[in-house]
C-alpha cells in the first residue's frame, strides 16, 4: 500500500513514520509514504499557497492551482506504477471515519491525503479533485495533518504482518461493531483491585463469553448508538 500526503508540514508525519507499529510496518515494507509540499508547485518568489477569500471574512484560503499541480504530480508518479489514486480530504463536513471505512480503505492500493490549512481550500479544487471527505468528529483542527495521521495509523495496524499478534487487530474496539472489553495484566491485585477470576481460569470458552458480555456492557453504557447499530445490522 502507498500513502501520498499533500501537506505544508511533512515533518508532522514523522509521528507515524518514526515510532511504534507504523514504523515497524514501514521497515517491513508493508506500506510506502511520500510527501508533497504545495509550495514546490508555485511560480512566485514567495512560494505563495494562500490568498484572501472572495466576499471577505477572516483568515486565508489555500489556492487551488498549487494543490492541483501537486495532485497532478502525485497522479503522474502513481500512474508510472499502475496505481490509481483515491484522494481523501479531511474536513468537518466529511463523513465520520469509522472502523468499517478504515477496513475498506486499507484495500485501496494508493491513498492521497490532502491536508488543508488556514481557513480551508478553494472549493473548486475540492469539487474537481477530491474523491472523499473524511471527518474525525464535530470539532475543528488547525489542519488536515492530524486526521491524516490518525487514518494512516488505523489503516496500517490492519495490514497483514503489521501487528506481532494477528489477533490484536481483530480484538480492537469497533472491529465487531462493539467497544473492546476491559484488559488486565500483572499483578493480580493492585491497590485492592483484583483481576476477574474468570481470566485466570484457563477456560477459554468462559473467557470468550465473559469478554463478549463485557463488550456488550461497555458499549451499552458508553456508546449505545453502536449497540443499536450492531443490533440493526444483525437483524438485516
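Residue numbers in this text run from 1 along the chain shown.
Just so it is clear, glycine is given a Cβ too, placed from its N, Cα and C backbone atoms.
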Query: Can you pick which of 116, 177 Swiss-Prot lists for the same S-adenosyl-L-methionine site as 136, 137, 138, 139, 140, 141?
result: 116
Message: Please list, in sequence order, the residues in the chain of residue 139 (S-adenosyl-L-methionine binding site) that are at least six apart in sequence and whose C-beta is under 8 Å away from its C-beta.
response: 92
Structural state of residue 138 (S-adenosyl-L-methionine binding site), classified by DSSP into three states: coil
